[in-house]
């Protein structure tokens, strides 16, 4: 369902730049495959009572690919591809691909050998998180500097767009920090064997739920949508509401207009439009 909602969110905006959203569609697709493999393994185990080794390996591989795709998407978002810049350099793409590949390998070996390569996995995990937070901080500083320059020029539309991107990166940072804190709390509970014995499945469910919540929250923040433009002032909101309800608009005040071009009707033009002046007489006066 989540994969379908994500594809529908960008399919409605084909006229926009949605190549980022098309690329991120691989994350829910891989998750669907991972859940299908896990369901098949569970059905087989319930029917035979025996773990199929090859199916268990495939299940771990599919789960590792999903986690690798999830963190690779976080790296791409943090780098600002199709958000603050149109393309990335070859070295940056190489870093992204290697980081995602190493995370898949580390997660696969860690789960396959039941925590034997824990230190390798935690090292790769920390390196990727450092890359994500460093890229987010860099883009936030860049956008803040750009907002200051745009504000000096009085470009309200561009400033609103930059504010929206800054809000997106703040939400990304908050989602990652919350995810990490919950993961640490879960590991502490596992250390004290809170979910041991017959309750071991709770740990797996919580892990999958955290990944899904992280993917859903980040996807909602970076979803495809039309730009809302600069925030309207209180006077303009009241005017639009009054016009929608059929009431007369309030009189114009001294507030600065938000349009790039302002058309002013000369009093003579209004009199001409009402037929109170002779056009020939006006033209004669202008010719003098």
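Glycine is treated like the rest: Cβ placed from N, Cα and C.
Unlike curated records, TrEMBL annotations are generated automatically.
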Q. According to TrEMBL, which of these ranges is transmembrane segment: 93-112, 153-172?
A. 93-112
Q) Which stretch, out of 174-192, 231-249, is listed as transmembrane segment by TrEMBL? A) 174-192
Q | Secondary structure content, the domain 'GOST seven transmembrane' (5-108) (per DSSP, counts of residues) | A | 82 helix, 2 strand, 20 coil
Q. Against which stretches of its own chain does the transmembrane segment (93-112) lie, if we need a Cβ under 8 Å and a gap of at least six residues from its ends?
A. 57, 60-61, 63-65, 67-69, 71-72, 75-76, 79, 118, 120-121, 123-125, 127-128, 131
